[in-house]
Amino acid sequence: MGLGLIKNYRKWLFLGPLLLFIFDYYLIQNDIIRPLDMLIYQRLNSLESPVVTKAVIMITQLGSFMGIMGMILCIFIYNKKYALNCLVISFLQQIINRVLKFVVKRPRPDVIHLIEETNYSFPSGHAMAISCLYAMIIVYLYRSNFTFRYLLICLCIIVIVVVDLSRVYLGVHYFSDVAGGTLLSLSLVLFFCNNTSFGA
């Protein structure tokens, strides 16, 4: 029985980030996390300059529709089946994101927006998109025999973090928006990869 529980623990890993997402939502709804949100924004905003802004706008495009589709196309060239899995789960997270934004209706930060965004703020669509796809890549790398897989996994994590922070720097999201988006996508990927054939 104990061995069975150890073998099956992966099936429940998705609950960790899911519970953290719910906690993040609770902090937002009760306006508890706003001081931290503003502190992180102010720290990132202090780095603002024309050069930095141009670089950040390029980075944030990795989480855009074209950025995600471009990466899925690259995966398709290498592994068609896994690319289709990535496409399906990316489509699913997009639906979840739109529904949650409509339900929560959190306004965008009341700060200067360095790019134009028109819909609601929570959870961040870019954070969900980049986290979902790159978490799928991380799962694939972790289960592979690539010599430099751990280095590539670290690079994937860096991409997720940098894209998340780019949304805060640009003033279009609170930190809690991108944290929530990342946590929810991580939960989604863990659920599908450990309870279905998506991670195969």
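A Cβ is built for glycine as well, from the same backbone N, Cα and C atoms used for every other residue.
As annotated by TrEMBL, transmembrane segment applies to 12-28 (among others).
The annotation transmembrane segment is assigned in TrEMBL to 55-75 (among others).
Taken from TrEMBL, the feature domain 'Phosphatidic acid phosphatase type 2/haloperoxidase' covers 79-193.
TrEMBL lists 120-141 (among others) with the feature transmembrane segment.
TrEMBL lists 148-166 (among others) with the feature transmembrane segment.
Here TrEMBL flags 172-193 (among others) as transmembrane segment.
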Recorded stretch that, among 55-75, 120-141, 172-193, has the most CB pairs under 8 Å to the transmembrane segment (12-28): 172-193
Within-chain partners of the transmembrane segment (120-141) [C-beta distance under 8 Å, separation at least 6 from its ends]: 21, 25, 28, 60, 62-65, 67-68, 71-72, 75, 79, 82, 85-86, 89-90, 93-94, 96-98, 100-102, 104-109, 149, 152-153, 156-157, 159-160, 163-164, 166-167, 172-174, 176-182, 184-186, 188-190, 193, 198-199
Confidence summary for the domain 'Phosphatidic acid phosphatase type 2/haloperoxidase' (79-193), mean pLDDT rounded: 92
